[in-house]
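J.: Have a look at the structure that comes next, please.
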Amino acid sequence: MALFYLLAIAAALLDRVTKLLAIHYLRDGAQSIVIIPDWLKLTYAENLGIAFSVRFLPPTGLLFLTLAISAGVVWYVHKSNNRSPLFLTAFGLILGGGIGNLIDRVMLGHVVDFIYFDLYHGALFGIPLDLWPIFNVADSCITIGACMIVLFHEKIFTRKHA
């Protein structure tokens, strides 16, 4: 169980530190920082929605939804008897990412995003399109945790019979 909380705290702290750096160095109209030309750059963005900046609830609603999901993850992990490292890692990453974005919503009223894979920027049928959204460390943790659950679901959720 310690692994679950340790990963959640580490993910939330890493997310917070990177967002503070993004706020300090990228906000206020600063130029993007190119990491890999034509591929990866750091660009400041304020996200009032959820993934892909989708807005389906007002900011207060998203705050409470994030809080409810985070509480649900903690409840589920505690209720489950599963203590496999994969299970605890996946859900620890999801919780840490949720807490990281929750901190932003409480403190700022939006989520700070700054990682941008510039895979395609143009138009599709005349509609402006960026192939990949700007995201953050918390989003990455949530995505990695969810992918672990999908990819390793048999190992994570199959009970061993004695």
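Just so it is clear, glycine is given a Cβ too, placed from its N, Cα and C backbone atoms.
The feature active site is assigned by Swiss-Prot to Asp113, Asp139. Taken from Swiss-Prot, the feature transmembrane segment covers 56-76, 84-104, 132-152, and the record attributes it to sequence analysis.
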J.: At the Cα level, what's the spacing in Å between Asp139 (active site) and Asp113 (active site), rounded?
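T.: Taking the Cα atoms only, Asp139 (active site) lies 9 Å from Asp113 (active site).
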J.: Using a Cβ-Cβ cut-off under 8 angstroms and a sequence gap of six or more, which residues of the chain neighbour Asp113 (active site)?
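T.: Sequence-distant Cβ neighbours: Tyr44, Ala45, Glu46, Asn47, Pro133, Ile134, Phe135, Asn136, Asp139.
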J.: At a C-beta cut-off of under 8 Å, are there same-chain residues at least 6 beyond the transmembrane segment (56-76) that contact it? List them, or none.
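T.: For the transmembrane segment (56-76), the far contacts come to 48-50, 91, 94-95, 98-99, 101-102, 105-106, 109-110.
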J.: Give the helix, strand or coil assignment DSSP yields for Asp113 (active site).
T.: strand
J.: For Asp139 (active site), what is the tally of other C-beta atoms lying within 10 angstroms of its C-beta?
T.: 21
